[in-house]
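Listed in Swiss-Prot for this protein:
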type	residues	note
ACT_SITE	Asp66	active site, proton acceptor
BINDING	His62, His64, His144, Asp215	Zn(2+) 1 binding site
BINDING	Asp66, His67, Asp215, His273	Zn(2+) 2 binding site
Amino acid sequence: MQVTFLGTSSGVPTRGRNVSSVALRLPQRSELWLFDCGEGTQHQFLRCDLRLSQLRRVFITHMHGDHVFGLPGLLASLGLGSTSNGVDLYGPDPLDAYLQGVLRTSSTRIGYPLAIHRVREAAEQNTVVFEDDDLIVTAAPLNHRVPAYAYRAEQKPRAGRFDIDKARELQIPPGPVYAALKRGESVTLDDGRTIDGRTLCGPEQPGVSVVYCTDTVFCEAAVQLAQGADLLIHESTFSHAEADMAFKRQHSTSTMAAQTAAEAGVKQLALTHLSPRYAPGNAVTADDLVAEASAIFPNTILARDFLNVDVNPSK
């Protein structure tokens, strides 16, 4: 997996940061997933090497404008500029009414299949939001002024390295059967032998996981969702000194994000959703927030627009 940050500011865009959006690249399936879609997200696509035509799923955390105002325009542009096979949207209950209202009142036609899925029940009952043979997405409710949800996208474990020399020793004919054996499946050959693919593969390879958590004040549900994740993307709207403001507005400080990362045992923390008050030249800057978080969770990085982060299996 590779994560590309398209917007890392909270509330409003700044000269250096757009509002919230994160792209998850899935090169093995030529797909792109989007987490939140603040105003101007489609413009961010034009400034990097992401291909809008690969967009397959969009996960919305909550219905505040800095997380959803870019969605109608992006979906409309996708219909005009590509041959999309369809997009699935996941989010809070009002997402459907919001999107259908905008499309209807603007007489916008989406010329491809568009499905909208409510995540509230799955998040509250700790069930699956999306699953296929390779990936699984779960969600958890957050503590914010409106219903909000964090998401976890995780690759399923994969069969280990296929031992082709051993397969040849067993006189297994090459061809399509090798693909099934590489997946660890059992195959019956033409000569009647049944071969268990797991005996021809090395140790199972763990998948990688990314958790996207915004907007929220510190909450245990986020800690549980992020357990052992390879990358936790967590909002850091305020500095530690602004903790009272964070509780009042139901946002996180840098130290709350770090506490979540530490308690969840994640591998890496990326701070995003930064208040414009921490712009360069101000008394407190984004670098200060990273320093605060790093004192609790050392492997902390600062997200910035167009930053790419490769997410690889832990060794």
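Keep in mind that glycine also has a Cβ here, set from the backbone N, Cα and C atoms.
On the structure: features taken from Swiss-Prot.
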residue	record	Cβ within 10 Å
His62	Zn(2+) 1 binding site	22
His64	Zn(2+) 1 binding site	21
Asp66	active site, proton acceptor	22
His67	Zn(2+) 2 binding site	27
His144	Zn(2+) 1 binding site	21
Asp215	Zn(2+) 1 binding site	26
His273	Zn(2+) 2 binding site	28
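Excluding Asp66, His67, Asp215, His273, which define the Zn(2+) 2 site, the same chain contributes Ser10, Gly11, Val19, Ser20, Asp36, Gly38, Thr61, His62, His64, Thr214, Glu235 within 8 Å (Cβ to the Cβ centroid), listed in sequence order. In this structure the C-alpha atoms belonging to His144 (Zn(2+) 1 binding site) and Asp66 (active site, proton acceptor) are separated by 14 Å.
Put simply, His273 (Zn(2+) 2 binding site) is 13 Å from His64 (Zn(2+) 1 binding site) when counted between their Cα atoms. Taking the C-alpha positions, the distance from His62 (Zn(2+) 1 binding site) to His273 (Zn(2+) 2 binding site) comes to 14 Å. Of the recorded residues, His67 (Zn(2+) 2 binding site) and Asp215 (Zn(2+) 1 binding site) place their C-alpha atoms 10 Å from one another. Of the chain residues outside the Zn(2+) 1 site list His62, His64, His144, Asp215, Thr61, Met63, His67, Leu142, Arg145, Val146, Ala148, Thr214, Thr216, Gln250 have their Cβ within 8 Å of the site's Cβ mean position. Note: the Cα of the residue listed as 'active site, proton acceptor' and the Cα of Asp215 (Zn(2+) 1 binding site) are spaced 11 Å from each other. Taking only the Cα positions, the spacing between Asp215 (Zn(2+) 1 binding site) and His273 (Zn(2+) 2 binding site) is 8 angstrom. DSSP gives His273 (Zn(2+) 2 binding site) a coil state; it is part of no helix or strand.
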